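What TrEMBL says about this protein:
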DOMAIN    58-503  domain 'Major facilitator superfamily (MFS) profile'
TRANSMEM  51-71  transmembrane segment
TRANSMEM  102-123  transmembrane segment
TRANSMEM  135-153  transmembrane segment
TRANSMEM  159-181  transmembrane segment
TRANSMEM  193-212  transmembrane segment
TRANSMEM  232-253  transmembrane segment
TRANSMEM  316-340  transmembrane segment
TRANSMEM  352-371  transmembrane segment
TRANSMEM  378-401  transmembrane segment
TRANSMEM  407-434  transmembrane segment
TRANSMEM  446-464  transmembrane segment
TRANSMEM  476-497  transmembrane segment
Amino acid sequence: MSRRNSSVVAVDVDQQRKLSVAMPDHKQVAHDASKATEMEQKMSLREGIRLYPKAVAWSVLLSTAIIMEGFDKVLINSLFAAPAFKKRYGSQLPSGDWEITAAWQSGLTNGAFVGEFFGLLLNGYIADRFGYRKTMMGALFAVNLFIFIVFFAQNIEMLLVGLICCGIPWGVFQTLTCTYAAEVTPVPLRPILTTYVNLCWVMGQFLASGVLKGVALRPDQWAYRIPYALQWLWPTPILIGIYFAPESPWWLVRKGRDEAAKFMLNRLTSADKHPDFNADETIAMMRHTNELEKAVSEGTSYVDCFRGTDLRRTEIACMTWFTQAFCGAALIGNSTYFFVQAGLDESNSFSMSLGQYAIGAVGVFIAWTLIPRVGRRTLYVCGDLAMVAILVVIGACGTINRGNTGAQWAIGALLLTFACVYNITVGPVCYAIVAEIPSTRLRQKTVVLARNFYNVASCIGNVLTPRMLNPGAWNWGAKTGFFYAGTCFLCFVWAFFRLPEPKGRTYAELDILFEKKVSARHFASTAVDSFHTEGDSGSDYGMEKGARTHLEAVNSRDMA
């Protein structure tokens with residue numbers, strides 16, 4: 001893998017001075033941190049799994065909460081197509097059929113987003129103060145209680161209240177899972193464990209579709225009460241497991257609790273599996289990164305996410321998640337209803353949705369093999385462009401007579417293809433980018449802002465999409481593909497010019513790349529020395545060594 005840009009960036013003199021003041025033992029810390037950085041960048045995926053098996057297990061456990069949320073959230077959109085649900089909560093059309101009105105479809109779908117909006121904002125404060133573990137436990141306890149409201153909902157208004165309440169802890173799960181994964185795993189494992197969150201969404205959606213396939217066509221109330229009752233299977237076992245989980249060492253370092261951070265790091269690793277691993281050196285790397293970020297910006301409030309270089313990082317995180325909302329993924333979330341409006345019957349529609357989520361899971365596994373080789377940026381940009389093409393064809397099929405069976409199945413096949421492309425590219429890669437791009441001190445708040453930006457965008461999409469599909473509203477059907485082809489193309493243009501490549505970078509290196517305002521398209525080829533200044537007597541050697549270490553490490557992983 002060639003690197004055409006040979007430029008090297010390093011810490012500036014003022015930052016180095018602040019580091020020396022903040023850490024009297026700065027030289028020793030920098031020396032230890034450089035050794036830990038070099039070890040991580042040369043570490044292969046297999047070595048990472050052997051050294052951090054417990055971190056992988058704990059991250060997988062926390063991410064299981066997303067399986068639960070994916071299960072919960074797909075229920076409401078899929079139940080719009082269930083006859084018993086429509087008759088219980090819907091209105092009768094002039095034709096005699098029952099339908100949830102477009103307004104209530106938007107309201108129910110967006111109800112959860114309203115709760116998530118406030119849950120996310122609270123999470124930004126609570127997680128920073130009390131840690132990830134306690135915050136997750138509190139959210140799991142809360143969702144156990146709120147499920148009662150949804151299960152016993154007597155009318156559509158009560159169902160809306162229940163979904164708003166459930167959205168509060170759901171907002172916590174959405175961000176804590178990927179930030180925890182980003183902080184407890186080393187460089188080679190980060191893209192796997194952060195993108196695993198997307199696989200959890202797909203697994204939850206697949207399980208929900210399987211349950212709905214079995215019960216949604218029942219004529220009684222249990223067509224929708226059984227799926228809601230199954231939500232209680234998840235929170236308590238996950239809560240018990242998280243009670244024993246280690247806290248993020250990065251969070252403890254930010255709190256000045258270095259000894260506790262070392263203890264938790266040892267709980268996350270199997271030190272005897274890697275001859276070069278040293279817990280003290282890894283903690284030194286965390287301390288050095290934390291102080292380096294403090295030298296740039298002392299603040300850790302939401303306002304600080306919009307200051308200096310953090311503004312660019314916030315923009316990238318927000319737009320990366322925004323793309324998920326307007327790349328056409330709304331058609332996946334409404335797939336069962338979409339298939340019905342495209343002309344398929346209810347039974348075949350539920351079957352197609354089930355197949356869609358199975359294909360999505362396969363897509364994530366394919367993404368795991370591609371991300372270490374081609375990087376996040378390339379996969380993301382190419383995915384956007386491929387989805388534009390598929391959406392245009394879906395829209396074109398929608399112009400064919402609704403009674404054309406061939407067109408109906410073609411639309412179904414195209415949406416399955418779209419789901420596969422999405423879950424290879426934008427779907428999983430988004431989580432890796434959003435978790436890696438923010439500074440470590442502002443990561444939780446930046447991810448919260450990005451997710452809320454996504455939620456606002458999704459609310460807009462959830463108002464528009466039902467109206468596009470609903471026969472009682474705009475009745476576009478599959479022609480909705482044209483609309484999302486346009487918005488997805490705009491997302492592609494943004495990503496091409498603004499999305500950087502964080503592949504193989506430590507958090508300190510990313511800090512320096514953003515501080516030096518390196519352009520998005522030069523991120524991958526710019527070498528970084530995070531331990532010397534340009535005026536340092538040892539800087540030439542250090543910068544050359546830093547450049548060689550990063551480039552050789554990334555190249556070796558590319559060829560592995």
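Backbone N, Cα and C define each Cβ position, glycine as well.
Just so you know, TrEMBL annotations never went through curation; they're auto-generated.
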Determine which residues of the chain contact the transmembrane segment (407-434) at the Cβ level, with the cut-off under 8 Å and only residues 6 or more beyond its ends counted. 178, 190-191, 194-195, 197-199, 201-202, 316-317, 320-321, 323-324, 327-329, 331-332, 335, 338-339, 342-344, 352, 355-357, 359-364, 366-368, 370-371, 376, 379-380, 382-384, 386-387, 390-391, 393-394, 397-398, 400-401, 447, 450-451, 478, 499, 502
Where, among 159-181, 232-253, 378-401, do we find the most CB pairs under 8 A to the transmembrane segment (352-371)? 378-401
Might you confirm whether the transmembrane segment (102-123) is in contact with the transmembrane segment (476-497), defined here as three or more C-beta pairs under 8 A between residues 6 or more apart in sequence? no
Contacting positions for the transmembrane segment (51-71) when only residues 6+ beyond its ends and CB under 8 Å are counted: 43, 132, 136, 139-140, 143, 170, 173-174, 176-178, 180-181, 184-186, 189, 193, 196-197, 200-205, 207-208, 230-231, 234-235, 238, 241-242, 245-246, 267-271, 273-274, 277
Among 102-123, 193-212, 232-253, 316-340, 446-464, which stretch has the most Cβ pairs under 8 Å to the transmembrane segment (135-153)? 232-253
Counting only residues 6+ away from its ends, which parts of the chain sit with a Cβ under 8 Å from the transmembrane segment (193-212)? 56, 59-60, 63-64, 66-75, 78-79, 82, 177-178, 181-182, 185, 226-227, 230, 336, 350, 353-354, 356-358, 360-361, 363-365, 367-368, 371, 423, 427-432, 435-436
The answer for the transmembrane segment (316-340), taking Cβ pairs under 8 Å and residues 6+ beyond its ends, is 73-74, 77-78, 80-81, 209, 212, 346, 348-350, 352-353, 356, 360, 380, 384, 387, 390-391, 394, 411-412, 415, 418-419, 422, 426-427, 430, 433-434, 437-438, 446-447, 449-451, 453-454, 457-458, 460-462, 465-466, 469, 478, 480-481, 484-485, 487-488, 490-491, 494-495, 498-500
